[in-house]
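Peer 1: Got these off TrEMBL a minute ago, pasting:
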DOMAIN    179-265  domain 'DUF6534'
TRANSMEM  20-46  transmembrane segment
TRANSMEM  58-79  transmembrane segment
TRANSMEM  99-119  transmembrane segment
TRANSMEM  131-152  transmembrane segment
TRANSMEM  172-193  transmembrane segment
TRANSMEM  214-232  transmembrane segment
TRANSMEM  238-261  transmembrane segment
Amino acid sequence: MLSPPPVPVADSDIPPLGMTFGAVYIGATIGAIFYGITIVQTVIYYKQYPNDPRLFRYAIALLCILDTLHVVTSTHVLYFYLVESFGNWLSLFRTVWSFLLQILLNTLIIVGVQALYAVRIWKFGRNFHVVLPWFIFLAVAASLTAGIYVIYDTYTLPSLFDRPTMRTSVYAVFSTFVGADFFIATTMCYYLHKGRSATSFSSTTKIIMGLMRLVVMSGLATSASSLFALVADIVWPNSFICIAVDSILPKLYITSLLSMLNARNVQMRTGTKEHPVHQTILRFAPHTSGSSGPSDSAERSIDIALSVMERGHSNTCPEDMTFT
């Protein structure tokens, strides 16, 4: 039985393709590029840090699986609207299941990465403060609440073009993400600065400064993307630019987390090369009395390799600075 011909739709009812699915196509393409970077970083992580805590090793694997599903759903959304529904404008006014799943995956990935940052901050921050790390968990809980809010609005959405009706939840979720990212990055830099003040080794200080720069850049990338999506939704409420950013944002979170984890060995090697230990032996001479007689035969000189002390300290402190 032949399907009925599509009902004609007025041109004024059809939104511009460039600002809608054209933007989604560009976002999905950039997201696929970041997905490739994520896979490479994941392989590097498991090769370089096989002895990391199980929580992080399992969490990275789960995030990689969720990111793969996110790429699949993004691809299916484009295939459904641009290929399968080609020429049938009425299909544009329905919400496909893969888009709903994509929003759910967005929230799981972003909140999951923020939760891992919260655990890292809690493990290191408890050495300085007891209360402050728990505010990070409150920020993550706020992100989860806002994510559930936008998921509910999305699942009750009749079609993609009715998305302007859910402005409140969209504004809430992106504002919460920006605030949580800023709070997490600020807290991490604060604790890294505290750790820097607590060490006297120049190589360790160099490592901590490198980690602080990485924290700032990672937090800036995710916060700027969320802020751009928020501004785009305010300026162009009928466009899909916000959805396009949603295709990239989870991958930025995973990439920033993996970059932080994989930078530990690089920062430690850089600090060791730029600040070598020139004195190799620390010698404690035996105690001698004022008499001219021979010293006690039980007394011995003690030699300690400073390179061992430096290496032992730098291997411990930078690991603490990265909160693993």
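The backbone N, Cα and C atoms fix where each Cβ goes, glycine too.
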Peer 1: Can you work out which residues elsewhere in the same chain, 6+ from the ends of the transmembrane segment (238-261), have a Cβ less than 8 Å from its Cβ atoms?
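Peer 2: Same-chain residues near the transmembrane segment (238-261) but 6 or more away: 15, 19-21, 23-24, 26-28, 30-31, 34-35, 37-38, 41-42, 44-45, 49, 52, 56, 60, 63-64, 66-67, 70, 74, 102-103, 105-106, 109-110, 113-114, 116-117, 160-161, 163-164, 170, 177, 211, 214-215, 218-219, 221-222, 225-226, 228-229, 232, 322, 324.
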Peer 1: I'm a bit unsure how to read this: which one of 20-46, 131-152, 172-193 has the highest number of Cβ pairs shorter than 8 Å with the transmembrane segment (99-119)?
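Peer 2: Looking only at 20-46, 131-152, 172-193, the most contacts with the transmembrane segment (99-119) come from 131-152.
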Peer 1: Excluding the flanking five residues on each side, which residues at least 6 beyond the ends of the transmembrane segment (172-193) place their CB within less than 8 Å of a CB in that stretch?
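Peer 2: Same-chain contacts beyond the ends: 107, 110, 114, 117-118, 120-121, 124-125, 128, 132-133, 135-136, 139-140, 142-143, 145-147, 149-150, 208, 211-212, 215-216, 218-220, 222-223, 226-227, 229-230, 233, 249, 321, 323.
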